[in-house]
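**Student:** I'd like to ask some things about the structure below.
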Amino acid sequence: MMLHIPGVLTKEQVAQCRDILDAADWTDGNATSGAQSALAKRNRQLPEGSPAARAAGDAIQDALARNALFFSAALPLKVFPPLFNRYAGGDAFGTHVDNAIRLLRGTDFRVRSDLSATLFLEEPEHYDGGELCVEDTYGVHRAKLPAGDMVLYPASSLHHVTPVTRGARVASFFWIQSMVRDDADRTLLYQLDTQIQRLTAEKGGRDASVIALTGIYHNLLRRWADA
């Protein structure tokens, strides 16, 4: 499932993050690449664990913790600290798949990358190109979202970023280990939760159907969760 999550950051929060990022020193994006990705990747990136990356990343993690749609769709167990990249002057990222396990340098913290996330930090009209293209059995899905919006998709997907030919595309990217490993199971739970929320709004939380469906949701989560 590929999902657009609007308004993860407010415009004010985006501006605060950009103030941090625009004052930072950027390095070659291949610092975090695997062997396959290094052959396809050309961009700039904030050094992992740098003060700027930590400050902006903390703001994003705080926002994610308050976002009900993110929790419903991802069922997060672990979130890799957000990283940041910048594409300009023809930079692009060819077709690749993300590494299955992400290690936080200098620690024993590791994340199984069930889901990948890109949080856009530049308005789409300010640059040409830079579309995130995610492939699945139904074709290629493209994302170029307003600043503050995020796209969530299975980390097992082939994906690429088209060349940026004008302006600069600035974004955060990170990975999530879900409590529910299987994408189909996780999608089913998300769809069920969405309908429970809709039914609750119509009938109230004490309705017998709402109570029954909520029980089914939690029993499925109990069956499938790794937590």
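Every residue, even glycine, has its Cβ placed from backbone N, Cα and C.
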**Student:** Per Swiss-Prot, which one of H126, H141, H159 shares the Fe cation site with H96, D98?
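**Tutor:** According to Swiss-Prot, the candidate sharing the Fe cation site with H96, D98 is H159.
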**Student:** Round to the nearest Å and give the CA-to-CA distance linking H159 (Fe cation binding site) with R169 (2-oxoglutarate binding site).
**Tutor:** 17
**Student:** How many Å lie between the Cα of D98 (Fe cation binding site) and the Cα of R169 (2-oxoglutarate binding site)?
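**Tutor:** R169 (2-oxoglutarate binding site) has its Cα 20 Å from the Cα of D98 (Fe cation binding site).
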